[in-house]
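A quick write-up on the structure given underneath.
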Amino acid sequence: MAITGANTRYNGQRLGITEPISLGGPTEYDVIKTRELEKYLENVGLYESQEEAVSREEVLGRLDQIVKTWVKTISRAKGLNEQLVQEANAKIFTFGSYRLGVYSFTRRWLSSLELFQQVHGPGADIDTLCVGPRHASREEDFFGELHRMLSEMPEVTELHPVPDAHVPVMKFKFNGVSIDLLYAKLSLWVIPEDLDISQDSILQNADEQTVRSLNGCRVTDQILRLVPNIQNFRTTLRCMRFWAKRRGVYSNVAGFLGGINWALLVARICQLYPNALPNMLVSRFFRVYTQWRWPNPVMLCDIEEGSLGLQVWDPRKNPKDRYHLMPIITPAYPCMNSSYNVSSSTLRIMTEEFQRGNEICEAMEANKTTWDALFEPYPFFEAYKNYLQIDINAENADDYRKWKGWVESRLRTLTLKIERHTYNMLQCHPHPGEFTDKSKPFHCCYFMGLQRKKEVPVGEGEQFDIRMTVEEFKQTVNMYSLWKPGMEIRVSHVKRRTIPAFVFPGGVRPSRPTRSSAEGRRSLEMKNSAHAPTDLSSEGKSGSDKQDDGRKRKRENEDTVPGLGILRCSASLPSTSGGGHVGSPVSTATSAAKMDHIDRNVLGEMGKCTVDVEMLHSVKNGEANGCLQHSPSLAISSAPVASSGSKEAEKLAIEKIMSGPYGAHQAVPELEELEDELENSSPPKHPGADTIRPEASSAKPSMVIAMTGNTTSHSTSYTNGLEELEVAVYSEISLLLNITISW
């Protein structure tokens, strides 16, 4: 399929479950700001060189040869006849970066095989999928024979199988290129070279792990079909991934969002603003998701039940789906929630970061700041006064990789347990990365920021006893079946002033500003972060600033239709049973909203009199969908529209695109669901686990967090600088005894 314009619509159909918010095209200002953004991304090294791309292609080609040799080897070992042995085949696919190992720099439009190649940047991992025949098992053949073959190859290093993961994976480096290799076993005796895994029939008789493994490639294909302009999507996604990493919210395992989650969020913005350039898409990304009321799901298309009977995300039918806090639904059958790892703490942190991003983008539109402010790294070790430090170590490199992967996958349970046992009074902020003390071999540590919930007053001498929390966490970690002597974990409490120096760049602790200078800078930043007024005076502005303001006003006027008076909206929801998501934010049946002006694109094309706002679950047999209607007889005036009216119209439009049942955030079921998942997916406990762990027969150590003093919330200014921490009065947290867990 070819791209025919900025707003490509295949077969004349819209992209997405609703009409766009705005069809406005770019202005000269947008072109300039987008070029600035692309230059910024280039300067920070997010674009891959030709040589690096060729090297990745060669690695993928070699890997494809290896799996073809592997499947013939196991076919012969299983006693298949020689014809089947010769026909035996396996194929390597990738998650959007490549397809069939092919990449072209000259194509004018991008296929799914190029999508994430252009996004991942230099040095990124390649997510790959091996598709094999029905007689090649995952446990015995993939994690057995193929693992053995790879371990004997000199070009393969850091080989680490994770067969018990939610999506089983084999991690390794091939000639220095990091590879995550999944496996999908199809019901076919022979895998054809021209296999099309986007067809739903490929899932016939597939096990659950295969369905999950195939989902990455299938979702990538769907994303490309559902975004209007792939080039703009690609640049915006590269930007948002970089932003998320700088702000510490890029990590699926830590409870934030991973690559596929960010891709889906960006794709939805591209659908809502199909003709916008990346600068506008970034700005509207923050505006939309600042207003988003979770757990309303983000969806690129309707959820299809399919014909294979596979379970799809549906909080009305599936009790576990009701407790998902930030559902971001994959567009390929079977539709799943790609962000099930998000917890109440990480959702809160990401919501605050969206708000910060929105404030910065509005300041940029008023020429009060630059892209540098948006991408300023989050000062994690200045943001809190108290932290938990989790140290892990092992005796050799192989044990260390295995132990690190296991503990990292279980750290989220510690966050959830602390929140549950303190009734969400003590909030955790997990850092998404690990830190290494170079003086200690086979060692790393993780950190979690701790703070009392801001809305709760502090009682004098009040304490949080987390001894049982740590004990439960130890029991979770104890489930590791491959434990060996020397694998240790230690949990301790550290204050901000005693954070080890090796976590800071260059091993140098940053100097702390004085109170007076901190207050001065904070006042200046608060002043600079204020939103620009509607009627800005042109006095004191440079000629370029005046031109920029004129361009923005021109865009706002062009994107709006004045004089549209009353907007009547009606929506109804099907009744639900068994609790769960209730009280939809759009369940305002027969309500009327009055406004002076409205963006013309809230109503889609002006020739239409009705715009469907499809609900999450479109009930096929007579159940009502929400709809947005206006009278065709309303007069349209030619008066210009102020920017405030445009913002209000856009805000209303964002309200209307949110669809789906509205649910309560319930931390306890969330944790119980996670524990059930761990119980079902974890390997059996090491045979000697109960006899070699000394804490089982000793008295429980004391781990009590005492809260004293008063707490005042600090400003949400987008700088998030240290000066805010100096001015604010924080509650004192003291840990009476460090916990050491070792075997």
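Cβ atoms are placed via backbone N, Cα and C, with glycine included.
Automatic, uncurated: that is what TrEMBL annotation is.
Annotation source TrEMBL lists domain 'Poly(A) polymerase nucleotidyltransferase' at 16-104, 117-227. Summarising the annotation, TrEMBL assigns domain 'Poly(A) polymerase central' to 232-376. Taken from TrEMBL, the feature domain 'Poly(A) polymerase RNA-binding' applies to 380-438. According to TrEMBL, the region 'Disordered' annotation covers 503-584, 673-699. Taken from TrEMBL, the feature compositional bias 'Basic and acidic residues' applies to 542-558.
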Could you give the number of helix, strand and coil residues in the domain 'Poly(A) polymerase central' (232-376) as assigned by DSSP? 74 helix, 6 strand, 65 coil
Summary of DSSP states over the domain 'Poly(A) polymerase RNA-binding' (380-438), given as helix, strand and coil counts: 29 helix, 14 strand, 16 coil
According to DSSP, how is the domain 'Poly(A) polymerase nucleotidyltransferase' (16-104) divided among helix, strand and coil residues? 50 helix, 6 strand, 33 coil
Secondary structure composition of the domain 'Poly(A) polymerase nucleotidyltransferase' (117-227) [DSSP: H/G/I, E/B, coil]: 41 helix, 29 strand, 41 coil
